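As given in Swiss-Prot:
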type	residues	note
BINDING	D92, S93, G94, G95, F96, D146, Q188, G215	substrate binding site
ACT_SITE	D92	active site, proton acceptor
REGION	246-252	region 'RNA binding'
ACT_SITE	D265	active site, nucleophile
REGION	270-274	region 'RNA binding'
BINDING	C303, C305, C308, H334	Zn(2+) binding site
Amino acid sequence: MDPFRFQVEARAGRARVGRLFTPHGAVETPLFMPVGTAGSVKGLMPKDLEAIGSQVLLANTYHLLLRPGPERVRALGGLHGFAGWKGPWLTDSGGFQVMSLGHMRRIDEEGVVFQSHLDGRLIKLTPERSIAVQEALGADLIMAFDECPPYPSPREYLEASLERTLRWLERSLKAKTRPDQALFGIAQGGTDPELRRRSTLETIRFDLPGYAIGGLAVGEPKEAMFAMVELSTRLLPEDRPRYLMGVGHPEDLVAAMGLGVDLFDCVYPTRTGRFGSALVPEGRLNLKNARFLEDRRPLEEGCDCYTCQTFGRAYLAHLVRAGEMLGGILLSLHNLRHLHRLTEAARQAIREGRYGDFAREFARRRFGREVPPWFREALAAGGHW
């Protein structure tokens, strides 16, 4: 039997609950993946992540290629043996980090030559090299090498980029040798509907185990972003998981889940925590604010995370203002649990056929009377508003 299967178990409008089977266990979707950039989620141990309901972790190919190197990770048991997380892993292709972090020297048909942000050495990353690195790392879910254009980009560049990404997908697929890893293709096209449609349809032709919506959440307006998510989920096959890359704001998750997105990842919840802010249903609490210094309440009433069950806002505000490492750890733990509770509640609402009620209640608490048009339109397109 194929170690990778995806089955839809419940629907409400275009939202769906699914089960994704991998060699390291089955997971329920929609789900949010914490980002373990260098093989660890900053400040959190695997047992912490398991306790708060994390199901899949993401690691960055670019960072692990530079340090400690893929062959060392392979020799030490792959990510599952090396990093201590025994559940499923996903690795990205390295393309986005090359474009955003590396001092890129050249991009051509062969691949990308960039300068390491660590030591300045020149490194060449091609589709074949990206797949080889990801096979050495041993994640369950791996990504085809792609080019993520910045926003805004001229239409001519977007078109050339998406065509190159399709050719790189073909090369990624030919380079793949491990049957115990599932390769996802990434659709690009920016916010141009025609190019996004073309990229998505051409990517689907490869008949892959899953598909990613790439090139969004890079600075474009929310209206444009969700128009592309709506178009993409309408075109992508119903029987394969859909992954919206780099998206982690709660309101974005609620809108995208309503359109049928299954997988998400983002550094937002942990980075926000390290910067001293907590996610709550009304938005964010900036614990640097003096008004929290005598506030005994937990960050979020009803939250079952260790942070909320143990500490008040006053203590957390003290840690943040004192620059204590524990402050960022406790806030990161809460923020991830906040997103996991959100996806858990979404799955329950979908199973009970009331995703629209769930989304409207979320909007009432998050936005009050000023619900942004993009949010309403996305939910309406999913059959929930």
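Think of each number as a place in line: the chain as shown, counted from 1.
A Cβ is built for glycine as well, from the same backbone N, Cα and C atoms used for every other residue.
Cα of C303 (Zn(2+) binding site) to Cα of the residue listed as 'active site, nucleophile': a distance of 21 Å. Distance noted between the C-alpha atoms of G94 (substrate binding site) and C308 (Zn(2+) binding site) is 35 Å.
Around G215 (substrate binding site), a 10 Å sphere centred on its CB holds 32 further CB atoms from the protein chains shown. The residue listed as 'active site, nucleophile' and Q188 (substrate binding site) are 17 Å apart (CA-CA, integer value). Residue counts for the region 'RNA binding' (246-252) under DSSP (helix as H, G, I; strand as E, B; rest coil) come to 3 helix, 0 strand, 4 coil. Its own atom aside, the Cβ of H334 (Zn(2+) binding site) has 25 Cβ atoms within 10 angstroms in the protein chains shown.
For the pair F96 (substrate binding site) and H334 (Zn(2+) binding site), the Cα-Cα distance reads 27 Å.
The average pLDDT the prediction assigns to the region 'RNA binding' (246-252) is 99. The two recorded residues, S93 (substrate binding site) and C308 (Zn(2+) binding site), have Cα atoms 36 Å apart. Secondary structure by DSSP for the region 'RNA binding' (270-274): 5 helix, 0 strand, 0 coil. Of all the binding-site residues listed here (C303, C305, C308), the one with the fewest other CB atoms within 10 A of its own CB is C303. Closest to D92 (substrate binding site) by Cα-Cα distance, out of the recorded positions D265, C305, C308, H334, is D265.
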